[in-house]
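J.: One structure, as structure tokens, below. Some questions next.
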């Protein structure tokens, strides 16, 4: 019996023989009447000639079953979807050829701008649509995973888990902006995950080196001793206490144990007390530090009296330090900044909060001192480690990418899990079996070539109507599923299960060749002489080769012997089982069931050394190994590098949401989020990571997908111009075509109808809602005319001049400012361009209608074209206007937004009027002409 799932031991499973001795009505003579059971395979199989299997065939069939299945989209949906894409490509080509041929001589400048924009839009649409030709869905087989890795077998007689280890990385940067209670819930949900305890470790990276975060971890370690067994005992979902106790559904559904109500009530009280302790930590640390500092001042005063025998003129000053509970200085950041104790200047800290558990289950007891009866419940806890990397002036910290690389190195010398999962501070585990589902793809046939498994990101809170498209359902349900059918989804920064060797910069193993591993594909050994005995010359060659490999490893990974020694171990442990002929690269069954070594003080010392700020000097960390430096979208670049080396990734959608985070709940946060992402895309385009410079290791459609990401911000320039074209049309009385002919209207109708049909088919195969697709279309225009436009100029400025005006750390809704309320608003200059576009379009509509009404020879066709064009723009910008006008919770629209936008709109209008000379036919304005 395992606590990982509902698995019965062989002794308790009904065998075929026991089924054949069922007696009817308890007859002692063996006469049986089985007619009331009908026909089937439940009873008396041997009598009916259906038996004869000794069970070995059943074991073999389990070994033959894959750990995951790929479900292709129905041909009834996919075939017309592909056909319609190619049909629309042909129509677009014909339309652009017709537009280029039919020039508008009356407004050649208007015709030229519109044609250039439409050519770019066609190119951008192709980049986005072509990778969607082969969408797939996948499902994991958890029962098969348990049968293969956690069931008693000749290779694993004790039935210990043979699953590889997983190190979970949680990153936080500032407890003032990222609430410790939210981070604590994330850590607790990880510790309670349904994965073998001895193979799970949780690392928290505190980039601020804050004592508040450290004390929070200590409280988490204490509270986990009751919360984690409670989750195991009653199979709690989700396993973050805040999310669990906030559930609106019936918490007692499917709960059978009679003590559940009592346990839940007691656990709720324990959690409430835990929250109070967390909220009081800041004051506790401050009071403690004030008391110790006062004691130090008194000691200094007493020493002065002893040395000089008189009272000092001024009280001696001592550093206003921050103190730990044991009466020593905190080596990290102090509450009152002091040299060597600031956010950007503090020592490295590695603290094991919960030691590595034993390999044997530890059953709890019914003790009166505990609030719960834990009899028969495994009370072991996964290892929990607090990490704060060293920061010193003169060394780049590289923000999140640097923190993640420090975690990779520290975990390698402590637990060395061959896989690790990274989570943001607010991404708690919502499905406790998500780790197992991700491992199904890593351990499946061909899984040795999978570099990472990306889970979809789901969110709590936010606008129920998703007015800001913050849930990004189109990205996760359409784009990611489509990429999963090529070479795999892109890495999205959080909720991703990595293979350690792939992030180390190694190439994947060849698919049809048996060899020593991915380390050996980079540094192969020469074959041995016949007979298996090495000669003296071969031993010397082998020694020289080992020295060469060691030298290369030191240049790549640094001088830590523990880190280098951990690499082949992680490579071996990350292999799938060699239990099938198709597995060309695996490990024997039961190889990881041996007991693990405990964490020693020397391991902790090695971990401290590898997170020193100078460790990465003269190494390839941040360039080829780990997360790549130099971009605010380090996630996209890291995934791109792995795909470029030939690795593939997998998109894992679990039956229940794997992880959930905090949703974007206001306009300001959403625009800043788009700005940061788009700035990173521009940096990628102007760097050596440009998809145009890819190696043959990446598939063609995968290249197109990455090219679409890197060129996405450039669309904003053309989109902004295109949204201003209806203004120019209405002001000048012209249109993008000379006349609204039947041919032009037919092309527009065909392109619009095919676009709508494609959207309907995407909705069918992806499962999204129509409103999700429409929100995505609206925010394509809003983001393109605001954040992406700003990102384009910021990225170009950084590349050309080296000036970085972007802010990598975006203030979120949890920061406690006035924009933290739903639909709250805080001023950002990103709002000016789209508001200006809305205002000038409204002014242009009024001018165009007035001109046509009072004109002696009105041209209604051109007015109609301009009006439809302008209304199209305003409809797409509607969510922005709604967000600006929302007044809930005292939210206030900044006056400066309207002042600047109004001034720009009036300036544009006056410029147009100045270019118009009044005519004698009582028209309002005339025609714009350019020399």
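Cβ from N, Cα, C; glycine included.
Sharing the feature lines straight out of TrEMBL:
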- 71-96: transmembrane segment (TRANSMEM)
- 108-127: transmembrane segment (TRANSMEM)
- 177, 178, 207: UDP-alpha-D-glucose binding site (BINDING)
- 207: active site (ACT_SITE)
- 400, 424: Mn(2+) binding site (BINDING)
- 635: active site (ACT_SITE)
- 704-729: transmembrane segment (TRANSMEM)
- 735-758: transmembrane segment (TRANSMEM)
- 827-848: transmembrane segment (TRANSMEM)
- 860-878: transmembrane segment (TRANSMEM)
- 898-915: transmembrane segment (TRANSMEM)
J.: Please tell me whether the transmembrane segment (704-729) and the transmembrane segment (827-848) touch - that is, whether there are at least 3 C-beta pairs under 8 Å between them, with each pair 6 or more apart in sequence.
T.: yes
J.: Mind checking which residues of the chain, 6+ beyond the ends of the transmembrane segment (71-96), have their Cβ under 8 Å from one of its Cβ atoms?
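T.: For the transmembrane segment (71-96), the list is 115, 118-119, 122, 125-126, 129-130, 132-133, 135-139, 747, 750-751, 754-755, 757-758, 761-762, 764-765.
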J.: Just checking: which of 400, 424, 635 have a Cα that is within 10 Å of the Cα of residue 207 (UDP-alpha-D-glucose binding site), counting only these recorded positions?
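T.: Near residue 207 (UDP-alpha-D-glucose binding site) by Cα: 400.
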J.: What is the interatomic distance between the Cα atoms of residue 178 (UDP-alpha-D-glucose binding site) and residue 424 (Mn(2+) binding site), given in whole Å?
T.: 10
J.: Expressed to the nearest Å, what is the distance separating residue 177 (UDP-alpha-D-glucose binding site) and residue 424 (Mn(2+) binding site) at their Cα atoms?
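T.: It is 13 Å, counting Cα to Cα.
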J.: Between residue 400 (Mn(2+) binding site) and residue 635 (active site), how far is it from one CA atom to the other, in Å?
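T.: The Cα atom of residue 400 (Mn(2+) binding site) is 10 Å away from the Cα atom of residue 635 (active site).
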J.: Roughly how many Å separate the Cα of residue 424 (Mn(2+) binding site) from that of residue 635 (active site), to the nearest whole number?
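T.: Spelling it out, the Cα of residue 424 (Mn(2+) binding site) and the Cα of residue 635 (active site) are 13 Å apart.
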J.: Could you measure the widest C-alpha to C-alpha distance across 177, 178, 207, the residues recorded as binding UDP-alpha-D-glucose, and give it to a whole number of angstrom?
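T.: Pairwise Cα check on 177, 178, 207 gives a maximum of 13 Å.
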J.: List, by number or range, the same-chain residues at least 6 past the transmembrane segment (108-127) whose CB is under 8 A from its CB atoms?
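T.: Long-range Cβ neighbours of the transmembrane segment (108-127): 89, 92, 96, 99-100, 704-705, 707-708, 711-712, 714-715, 718-719, 721-722, 725, 728-729, 732, 734-737, 930.
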J.: Relative to the Cβ of residue 635 (active site), which residues of the same chain, six or more apart in sequence, are found under 8 Å away?
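T.: Long-range Cβ contacts: 491, 492, 493, 627.
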J.: Taking 10 A as the limit, how many CB atoms besides its own sit near the CB of residue 400 (Mn(2+) binding site)?
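T.: A count of 21.
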J.: Excluding 177, 178, 207, which residues of the same chain place their Cβ within 8 Å of the centroid of the Cβ atoms of the recorded UDP-alpha-D-glucose site?
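T.: Going along the sequence, the neighbours appear as 172, 173, 174, 175, 176, 208, 425.
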J.: Give me the count of other Cβ atoms within 10 A of the Cβ belonging to residue 424 (Mn(2+) binding site).
T.: 21
J.: Out of 178, 207, give me whichever of these binding-site residues has the highest number of other Cβ atoms within 10 Å.
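T.: Max Cβ neighbours within 10 Å, all protein chains included: 207.
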